[in-house]
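Take a look at the structure set out below.
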Amino acid sequence: MEAQAVKSNLVLILDYGSQYTHLITRRIRSLSVFSLCISGTSSLKSITDLNPSVIILSGGPHSVHAQDAPCFPDGFVEYVEKTGIFVLGICYGLQLIVQKLGGQVAIGEKQEYGRMMIEVVKDYGGLFKGKNIGDKQVVWMSHGDEAVKLPAGFEVVARSEQGGVAAVANPGRRFYGLQYHPEVTHSPEGMELLRHFLFDICDVSAGWKMEDVMEEEIKVIKGMVGPDDHVICALSGGVDSTVAATLVHKAIGDRLHCIFVDNGLLRYKEQERVMGTFERDLHLPVTCVDASVQFLSELKGVTDPEKKRKIIGKEFISIFDAFAHDLEKKLGTKPSYLVQGTLYPDVIESCPPPGSGRTHSHTIKSHHNVGGLPKDMKLKLIEPLKLLFKDEVRELGRILDVPVAFLKRHPFPGPGLAVRIPGDVTQGNALEILRQVDEIFIQAIKDGGIYDEIWQAFAVFLPIKTTGVQGDQRTHSNAVALRAVTSQDGMTADWYYFEHKFLDDVARKICNSVRGVNRVCLDITSKPPSTIEWE
């Protein structure tokens, strides 16, 4: 999906590190407008090449006064004014506009965090459509600095209950700014403001739909893959790789060769179940490679999470290379491409923060399909879903007639159970214990009719022994943790509120059925501050 294909309506977000930046992208896409997020410190050419109609400057943790504070590139203001691009600054983005266009930003006498009331004080620029002077609304604030002097031509159109600048506008120069976050649900009228800003002020059209994504991506794949080229697809059994494979298969037909790798880190009976679905429902030609011994021997003794991910990524690629070599003998030509189901959150979370000397938002994790690929990899990558969020992938899958049951599967990480066993995954019988615990937990969720309410649920093997009493005897056995979260795209998540009886039943069943477990814990942290997975 090339941005150029939809550039006439592209809303470009320049990311300055806010934890909410991805939500801006999601909210705009939910309005059927294509949006992309790139680093706030990207070059001017990177911005002009995308030719956006609207640019949004995100919030961020920095102060515009800090040394090396991230900023848009030289020539940015001249470019947007010459081309008539609308610019909306949010939080840090507003302060950046104020400072760079000749105003003044200072440390606020009263910092503003959390829910706060703002009041419309001027009808200027039409930012608050349908609102009268004096009208109030609740918004979400998160800032310590404030605009104390505006650039020429700018007016304050809303203030906070403490008197601080909450919104500014300069319609003549097409610059607007909000000191609060309209993209979060804590700003109840935020979506209405974004809708009004894009459609009424910026005159953007709501024409982006998933059918267009499918057609455009098929064109891109056909243009990338030559008429005689063959492609390997790494199928994991999850939604992402399955939809990616189906899309590529639609584009190039039998020149796609799928491989499913059992890396020894799969869930209970995963190989058997997944291969059955591929053959019975999806009719995709899939070769199953059991490489569990290879993976586990390389992981033996490794405890560092990032090192584990890199090892797993390297082993996957070596297997794909070997598979490609075997295909070369069979076909007379070596496959040139590898398909992976990388999603937009994978890309966003695998990039470093603005102001760190690198670019983009904070690196939360590396993925074997983003950060773990070897530099000398012989296969070129095709990542047809890399600009989509999980719910968008599911929608695309529905259009491609992927079975609904498959589309509803909870996400499963590329490194598998390696990220659910902190420390050495080969220690003792941790993998077998975890598989049994996870199977009991997931089956209970399905039996309870709540599987579709949950974004992701799984068990974690804790690298500790705890004291217990089982069968009138003192035990020193393993502890496990259960985690279940709700989410829209995996970028943020809340823990799922189980009924106490459900948790009681599950904990009892685990301790009674799985030898070596005498304690069950529940993870009740959201994301942020934690990630969904434990490593």
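Backbone N, Cα and C atoms are what each Cβ position is placed from, and that goes for glycine too.
Per TrEMBL, the features are as follows:
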- 208-409: domain 'GMPS ATP-PPase' (DOMAIN)
- SER236, GLY237, GLY238, VAL239, ASP240, SER241, THR242: ATP binding site (BINDING)
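Those same-chain residues not listed among SER236, GLY237, GLY238, VAL239, ASP240, SER241, THR242 yet with C-beta within 8 angstroms of the centroid of the ATP site C-beta atoms are LEU235, VAL243, ALA244, GLY341, ARG409, PHE412. In the structure as shown, the Cβ atom of GLY238 (ATP binding site) sits within 10 Å of 19 other Cβ atoms. Restricting the average to the domain 'GMPS ATP-PPase' (208-409) gives a pLDDT of 83. Each of the binding-site residues SER236, GLY237, VAL239, ASP240, THR242 was ranked by the number of other C-beta atoms within 10 Å, and first place falls to THR242.
Taking all protein chains in view, 22 other C-beta atoms sit within 10 angstroms of the C-beta of SER241 (ATP binding site).
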